[in-house]
Amino acid sequence: QVDAVRVYVNSSSENLQYPVLFVVRQQKGVLSWQVPLIFRGLYQRTYNYQEVSRTLCPSEPTPEAGLSEQIIFVDVASMAPFDIAYELLVTRLDNFQLETNKAFNFTASPSQPQYFLYKFPQDVDSVIIKVVSDAVYPCSVVSVQDIVCPVYDLDHNVEFNGVYQSMTKQAAITVQKKDFPGEQFFVVFVIKPEDYACGGSVPSSIRGNGNRTWNLQRTKNLQVTIVPSIKKSVYVQAMFFSFLSFLSFYLGSVIVAFVHYIRVRRKASAGRYSPDDGSGIMTSSHPITASTPEGSSYGAIDESSSSGGRQLSSPERGPQAGSDTDSSVEEESDFDTMPEIESDKNVIRTKVFLYLSDLSRKDRRIVSKKYKIYFWNIITIAVFYALPVIQLVITYQTVVNVTGNQDICYYNFLCAHPLGVLSAFNNILSNVGHMLLGFLFLLIVLRRDILHRRAMEMKDIYTLDYGIPKHFGLFYAMGIALMMEGVLSACYHVCPNYSNFQFDTSFMYMIAGLCMLKLYQTRHPDINASAYSAYASFAVVICLAVLGVVFGKNDMWFWVIFSMIHVLASLALSTQIYYMGRFKIGKCYDLGIFRRAAMVLYTDCIQQCSRPMYMDRMVLLIVGNLVNWSFAIFGLVYRPRDFASYILGIFICNLLLYLAFYIIMKLRSSEKLLPIPLFCIVATAVMWAAALYFFFQNLSSWEETPAESREKNRPCILLGFFDDHDVWHFLSAAALFFSFLVLLTLDDDLDTVRRDKIPVF
């Protein structure tokens, strides 16, 4: 049993010029303080206490010497020219050593801090120190320090040694035996003189009383419980669970591919034509005609208008599909590869009823090469973006480990399992799903790409006019983006805080943007944005996100400028989509620009108000603009601090709106949803619903102070290793994977339909 002694002193003197000095000399250290004891706060405020209680450095009997007496000298002195009364009381602590799994209650104040001893049991390698209090304030600090005298137990020096974190109602610190050679440590509890560090304000009792306060009552009741942490076997189980859960997706993909292969072989042996059942490939070289089903809203135009487009497109098909190699295709520049003059494009692209043949007239090889640039560019972006991020978060983790300041990172401390230098390995491990499923999606796209190339080599040019044009560059880019989201999310969770949250969202912007581009590219392959303009737009968005982190807290001017940019960008993009990129109002130096703009506005918005020329597009764009303007107004009024999530919400809402419009128009055009895309749609909805439930559990929040954030911490819920946010990582990875599969397989039913029968919307 370790003996500890506590010294209590009290003096009625309020003379700060002549304080009473107390010096305690022990065998291994010296401890000193003065009465009145002075604490300093913000703005030169001081807090003076006439009662002070300190625990002396304990003595532990050695096995060789056994029990022995300890001599303690207490020196009391003052330079005052008059007598000063004081009281001194020395008591022995009966409950100085904390026990495992046993709660202990005590009281502390700024001038009467407390600390206790804990020894690791033989079979325990790590423990979690859990501290709770019924009261939010006063703000307190929990510190874990090595067995060194003197113990730093005052507000001005508690941060000098060990690991510490601020606390309001809850705190938790994980301690490993390997960090303490003596297999024991002190748990120190300090009450701060002010609540500023915990998000509080100046105590109401001292407002208006000047900068000097005497004997402010700031007592806090605390309860500490030390429980064993998880064993190494749980780490192994968690890693096996993480990898096996997502490797099962690989097994499922292999089974689906094998079943599809068997079906194709059976139908091929029977001499029957087999449309694509998940591979995007037609297995017969005989062209099959298909007509638009009865009742289609796009069938009201004479077929000659589309056949004309088909005749124009046939001479430019170029070489056979077998020569489709990158080396045989020149780099696409700003020029358009359509042989027709500019006026012909205006005629074709501004028709009331457009078909896919009207917007897939360019050389397939050049367009395919154009979309491959998305893939190579995102790899370059990923490398240049990820390396500085990794270096920065390693620096963050090093600072946390060296300084012991656990207020730097916003973990869920009740479920933060360290491994090596990492403080919360579970939050990093749970991101493995994004990387594994992103790689699996790349393999699925590669398989489709290979099968498509083989099919093209076996077919004549005429069969190229069937189905949605197969360009896989954007799909490859989406797979890389999903993998990089896992990498950067893991980097963010090395030390989650306000400054590096943008790392967790940057590639989410790209994923949402690439999905919208892919959805638009499906039926607009000739007029979709180039990789350079798309990634430049993403760069602008990320720059705005960085500016939002810096200026988005309280600066009204930033929100005014951002809202204007948001609204103007929505209008400009809507104009390009509505007119299929053919909207021309003249050069900027031409004074007639205003007259032509007014004429266009009058013709399309006023004169034809009852019936716009492109009704479906108009409905989509009106709803889309209302949604975006609502976001702009919301940001301008409420100015959310989490600016990165605000921008991500804009992207996701626009993506969901466009996807819903696409599926509705597809069904309205009497097109079918095959079993695989239908299953993926249902799986996507289920996964996103479950993922969002866990996402909104809010286990921590860097929008608040670290102490306030810890009030939201909760224990693990899965395998005793993963918390709610880790489950969000698992489910969101699966949801994104199924979302990508929806885009990949959504139009497989059109592989047997001529492009001059496929409507554009």
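Glycine is treated like the rest: Cβ placed from N, Cα and C.
Bear in mind that TrEMBL entries carry predicted annotations, made automatically and left uncurated.
Taken straight from TrEMBL:
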- 238-262: transmembrane segment (TRANSMEM)
- 270-336: region 'Disordered' (REGION)
- 281-295: compositional bias 'Polar residues' (COMPBIAS)
- 304-314: compositional bias 'Low complexity' (COMPBIAS)
- 374-394: transmembrane segment (TRANSMEM)
- 428-446: transmembrane segment (TRANSMEM)
- 474-495: transmembrane segment (TRANSMEM)
- 501-520: transmembrane segment (TRANSMEM)
- 532-551: transmembrane segment (TRANSMEM)
- 557-579: transmembrane segment (TRANSMEM)
- 618-637: transmembrane segment (TRANSMEM)
- 643-664: transmembrane segment (TRANSMEM)
- 676-696: transmembrane segment (TRANSMEM)
- 727-746: transmembrane segment (TRANSMEM)
Annotated stretches the transmembrane segment (727-746) and the transmembrane segment (618-637) touching (3 or more Cβ pairs under 8 Å): no
Range from 428-446, 532-551, 643-664 with the greatest count of C-beta pairs under 8 A to the transmembrane segment (374-394): 532-551
Same-chain residue ranges lying at least 6 outside the transmembrane segment (428-446) that approach it to Cβ under 8 Å: 238-239, 242-243, 245-247, 249-250, 253, 422, 472, 475-476, 478-487, 489-490, 493-494, 722, 725-727, 729-730, 733-734, 736-737, 740-741, 744
Interface check, the transmembrane segment (501-520) with the transmembrane segment (618-637), three or more C-beta pairs under 8 A: no
